[in-house]
Amino acid sequence: MMLIGEALIGEAPELAHVDLMIGDKEGPVGQAFATGMTQLSAGHTPVLSVIRPNLPTKPSTLIVPKVTVKGMDQASQIFGPAQAAVSKAVADAVEEGLIPKEKAEDLVIIASVFIHPQAVDYNRIYRYNYGATKLALKRALDGFPDIDTVLHEKDRAAHAVMGFKISKLWDAPYLQVALDNPNLPVILNIIKQLPKSDHLILEAGTPLIKRYGVDVISKIREVRPDAFIVADLKTLDTGNLEARMVADATADAIVVSALAPIATLNKVIEEAHKTGIYAVMDTLNTPDPVAVLEQLDVLPDVVELHRAIDIEGTAHAWGSIEGIKALAVKRSSKVLVAVAGGVRVDTISDALGAGADILVVGRAITNSKDVRQAADRFIEGLNKPEIDQFRIMTDF
């Protein structure tokens, strides 16, 4: 048996982060326990957990400092409140029945403990590490989190240290604002006026990228670190190279033209997936998007049904949505459909009713006298609440 648990509790600088393994003495955890006691590392010396001198806790527990111990003050925090907290938490887990008493001699625990170098309050160090150890033990023994929880939470999560989250398109529908004006100061001012929404995508338009190159993505990223940013290159050749350029520029998606050779389309999609970004196929001037898709090795993540600005007086091309989605089901793929060109507030329900997942809007927002109000009207038309808007956040 080898079970793994993790918990973070408290407030800086004394917050506690405990990772632990619990398992049989005769198994891999027991082997790691023995190795830890005999192969010491300067600054990370494992400590046998004792409730007080001459009274080790049961199951036997090894405490491993995560942060390099550089002086006696830090050593005292490990040997003092942290050791006492972990030892007491393990013993209490047995007393409370979390760990079966009859298993106390058969199991061992390895607990990696984080003590911030700026921590000073012994009381907080003890209480936070006690709580984190108990919670990590419970999670390990309960198998928390299960895979369904992981899949549910993975795109909602923002890592506390990183400070921002990488957005993914998993909660359609979305509003995509096309930033086509080739004037960067104007574009950055527009972005600052846009509302913050989980259902807002930013598109670095083709004219903007032609003027400033893909490095314009980093300028947009400075204003909106969390944004999902699409780089509309309308790639026609050198697909893998351009996909890599876009990924290196920190964009989240690259747009390739459906008019490109099939080999180029395949290379864009392959390289996009290698680098962890989305591949978008733009169907501008493509009479039969489904026929193009049927020739691809792997389907793109998004198909954009695009009516050009120069022909916006003509009818929309939303009729292809059903065929695209049917092909995606047949190929066991997930494909989002975006519609662009002439999308207005009064046509939102028509587009969504036809199966659109992303509404691409440009001048109706970017040329508006009140950018925020214009964007808000489209977002309200999506009729989609913010992710976790009504959720009361707990310990994870």
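In case you wondered, yes, glycine gets a Cβ from its N, Cα and C as well.
The region 'Formaldehyde-activating enzyme' feature in Swiss-Prot is assigned to 1-161; the stated evidence is sequence analysis.
Summarising the annotation, Swiss-Prot assigns active site, proton donor to HIS17 and lists sequence analysis as the type of evidence. Taking the Cβ of HIS17 (active site, proton donor) as centre and 10 Å as the limit, one finds 20 other Cβ atoms among all the protein chains shown.
Residues or ranges marked as substrate binding site by Swiss-Prot on the basis of sequence analysis: ASP19, LEU48, LYS66, THR68, GLN83. Under a cutoff of 8 A between CB atoms, and with a sequence separation of 6+ in the same chain, the neighbours of THR68 (substrate binding site) are GLY43, HIS44.
Annotated region '3-hexulose-6-phosphate synthase' per Swiss-Prot: 162-396, in sequence order, evidence recorded as sequence analysis.
Of all Cβ atoms in the shown protein chains, 12 besides its own fall within 10 Å of the Cβ of LYS66 (substrate binding site). A straight line from the CA of GLN83 (substrate binding site) to the CA of HIS17 (active site, proton donor) spans 14 Å. A 10 Å cutoff on Cβ-Cβ distances gives GLN83 (substrate binding site) a total of 24 other Cβ atoms nearby, all chains included.
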